[in-house]
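In what follows, a structure is listed as structure tokens, so that the remarks can point back to it.
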Amino acid sequence: MTISARSPDKEPSPPKQINFAEPLVESVRVYLANELPAKQLALVPRAPSPPPPPSPPPHCHVDIVTSTAREEIKGINFEARLKRNDLNNNASRSQSDRREMPNQAELMQRQPLLARAVKTDAPQPTTDESDPDQDHSPQRAHAGDFMVEIPPGSVREERYPKEIWKTILSFFFLFLCVCVNMMSLSLVHERLPDRNTTPPLNDIVLDNIEARDWGLAVSEYMIMISTTVAMLVVIFHKHRFIVARRLFFIIGLLYLYRSVTMFVTVLPVSSTTYYCSPKSNNTTPLLVIRRMFYLISGFGLSINGKHTYCGDYIYSGHTMVLVLSYLIVAEYSPKKLWLVHWTMWGSALLGVSFVLLAHGHYTVDVVIAYYITTRLFWTFHSLLVTPHRTGNGYNHYMIQREWWYWLFTYLECNVRRPVPRRYDWPLPWPRTKLFSRLS
């Protein structure tokens, strides 16, 4: 940038009006104020000039000599402003000098908490979006988060205790409920309406399809496969004892409710071809116990040839087991196995369809079984995320009025939350990385 100045003996010529030059003139003022503070410059006022002839729009050039040759800058007195700035700078500098320098302890306290650098070669903890506990995991770290050092594994072991004795107690509760169910069936068999005089009830599904006896066998084979998959999910789960006692408790409740519903209302046989054992004229407690163990030894399946006692209709045990197996796999297996989830759902649907095809149950048995199984399973797991509250009146939840709530509180008092979907090998040898990948 160049600046032209005139000699004092020459008279200034009338300047030519230049448009769009005001910003440049302002920049020149600032430049001269910073570079030459000792000079007193003044801007000569411009004389009015006649309007310029019509010409193309002028352009603003950087070269001040060519664009503002007639512009006279004599000086603006910046001395007072500079002195004022010097006084302010000296005052602030003197105040900062009077301040005490912070010691090392204060400097350490003023330092922000920084996230710990993660090594690239260090193994990263595996997480799953279906893990309900991953957001609160002490091993989970993000850029910019605060890091608090906690001994690894100590928190999870305290939050998810095994409590094997509770699992054993839940298993005995399940065994007791199964025995009650079989005893109820042995008594219902004696109250069964005569097949020769009482036909099956009217059913919208059974009346429109022809009975196929092989359908019941297919349904029970599908039950065996579904229960095996559900058992594998529980066995290979990292918190298998917690999951097992929850399932023992739920299945026990379902069998206990079933023993009541089929005992209070006895329906006629839905199939005209299914074999039923003859009734006994004298029902004794010893006979009831013998029938109970006979039915338990066959796992309640007809393909074993030991389920020959009729009358257990409301509600369907086949539907209960199929639906519950799907719920277990969907709840406690990783979402990566979505194909397995859909397969279990389709297996439950087909299994129920084959039961109806064989006229093994009325349609109302299937509907009630589905409703009770899903609602009890979902209610139990909803309580796991509900905060525990005690008191009377409106200070406690209505669900606490369930007769089994006290047993639920005892089993879940030290967990009371969904367990993360993590898996490991149940035996000490051999170890494999497959389950860590699934987790």
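Cβ atoms are placed via backbone N, Cα and C, with glycine included.
Any TrEMBL annotation is an automated prediction that lacks curation.
TrEMBL lists 47-59 with the feature compositional bias 'Pro residues'. If you look up TrEMBL, you'll see 310-381 marked as domain 'Sphingomyelin synthase-like'. Taken from TrEMBL, the feature region 'Disordered' covers 43-62, 84-104, 119-145. Feature annotation from TrEMBL assigns transmembrane segment to 168-188, 214-235, 247-269, 313-330, 342-362, 368-386.
Applying DSSP to the domain 'Sphingomyelin synthase-like' (310-381) sorts its residues as follows: 58 helix, 0 strand, 14 coil. Confidence over the domain 'Sphingomyelin synthase-like' (310-381), given as mean pLDDT on the 0 to 100 scale, stands at 93.
The list of residues near the transmembrane segment (168-188) in space but at least 6 beyond its ends in sequence, with Cβ under 8 angstroms from a Cβ of it, reads 244-246, 248-249, 251-253, 255-256, 258-260, 262-263, 266, 283, 287-289, 291-293, 295-296, 300, 309, 311-312, 407, 411. The stretches the transmembrane segment (214-235) and the transmembrane segment (342-362) meet in space: the count of Cβ pairs below 8 angstroms, excluding pairs fewer than 6 apart in sequence, reaches at least three. Here the transmembrane segment (313-330) has long-range neighbours at 219-220, 222-223, 226-227, 229-230, 233-234, 247, 250-251, 254, 258, 261-262, 265, 267, 270, 300, 340-341, 344-345, 347-348, 351-352, 355, 360-362, 364-366, 368-370, 372-374, 377, meaning same-chain residues at least 6 beyond its ends whose C-beta is under 8 angstroms from one of its own.
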